[in-house]
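Feature annotations, reproduced from Swiss-Prot:
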BINDING   Y8, R14, W39, K45, Q52, L53, Q65, S66  glutathione binding site
DOMAIN    2-81  domain 'GST N-terminal'
DOMAIN    83-204  domain 'GST C-terminal'
MOD_RES   Y4  phosphotyrosine
MOD_RES   T62  phosphothreonine
MOD_RES   K103  N6-succinyllysine
MOD_RES   K116  N6-succinyllysine
MOD_RES   K128  N6-acetyllysine
Amino acid sequence: MPPYTVVYFPVRGRCAALRMLLADQGQSWKEEVVTMETWQEGSLKASCLYGQLPKFQDGDLTLYQSNTFLRHLGRTLGLYGKDQREAALVDMVNDGVEDLRCKYLSLIYTNYEAGKDDYVKALPGQLKPFETLLSQNQGGKTFIVGDQISFADYNLLDLLLIHEVLAPGCLDAFPLLSAYVARLSARPKLKAFLASPEHVNLPINGNGKQ
């Protein structure tokens, strides 16, 4: 039985980066899909620490909060930089990803029709820091931090992919980010996962937007 279990709704949502990481690292995991009917019944929600999903199980360790999953696997699988300096930079990148993801989710779930145009107009300013970070690391030819992949790379990749769906061409002005997405997406195990029905057939969000 796989040591890892993902408990979540039938969406990519806040587990897409986690699944990318697991797939790319050659890990197996079990999915426990929660329907809205089951969730609205209430007993599962009441059992969750913060009253929300996703939930992640690593053996007898139960975790909540999607970024906690990534950091845990970063430590477990050696995806947290090669030293404390790189680990600090990985944390900084991941926090920046979370900031933009929260803005994206606010748009998707609360203001999509009225707010999309303004969001897309402001998007270059939100993406520029990641282009800058790439430019400062070996000319943008490797990863977002250092010379080995980290959990922040998977989170950033997912963020960029969903924004390419929201605003096609949004990376055209960012050559390093564009090349980064292409390079990471071409990693054999990750490429196979991104093309798999398990990924492709899931909506990005739970409300029909994207």
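Cβ atoms here come from the backbone N, Cα and C positions, even for glycine.
Overlay of Swiss-Prot annotations on the structure.
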residue: R14; record: glutathione binding site; DSSP (3 states): helix
residue: W39; record: glutathione binding site; DSSP (3 states): helix
residue: K45; record: glutathione binding site; DSSP (3 states): helix
residue: L53; record: glutathione binding site; DSSP (3 states): coil
residue: T62; record: phosphothreonine; DSSP (3 states): strand
residue: K103; record: N6-succinyllysine; DSSP (3 states): helix
residue: K116; record: N6-succinyllysine; DSSP (3 states): helix
residue: K128; record: N6-acetyllysine; DSSP (3 states): helix
> Taking the Cβ of L53 (glutathione binding site) as reference, which residues of that chain separated by at least 6 in sequence fall under 8 Å from it?
Replying inline: V7, Y8, F9, V34, W39
> Near T62 (phosphothreonine), which residues of its chain come within a Cβ-Cβ distance under 8 Å, counting only those 6 or more away in sequence?
Replying inline: K55, F56
>> I need the nearest neighbour of K116 (N6-succinyllysine) among the recorded positions Y4, R14, K45, Q65, using C-alpha distances.
In response: R14
> Cβ distance under 8 Å to Q65 (glutathione binding site), same chain, sequence separation 6 or more: which residues?
Replying inline: Y50
> Counting only other Cβ atoms and using a 10 Å cut-off, which of the recorded positions Y4, W39 scores lowest?
Replying inline: W39
> From the Cα of the residue listed as 'phosphotyrosine' across to the Cα of Q52 (glutathione binding site), what is the distance in angstrom?
Replying inline: 19
> What is the separation, in Å, between the Cα atoms of S66 (glutathione binding site) and K103 (N6-succinyllysine)?
Replying inline: 16
> Could you give the Cα-Cα distance between K45 (glutathione binding site) and K103 (N6-succinyllysine), in whole Å?
Replying inline: 25
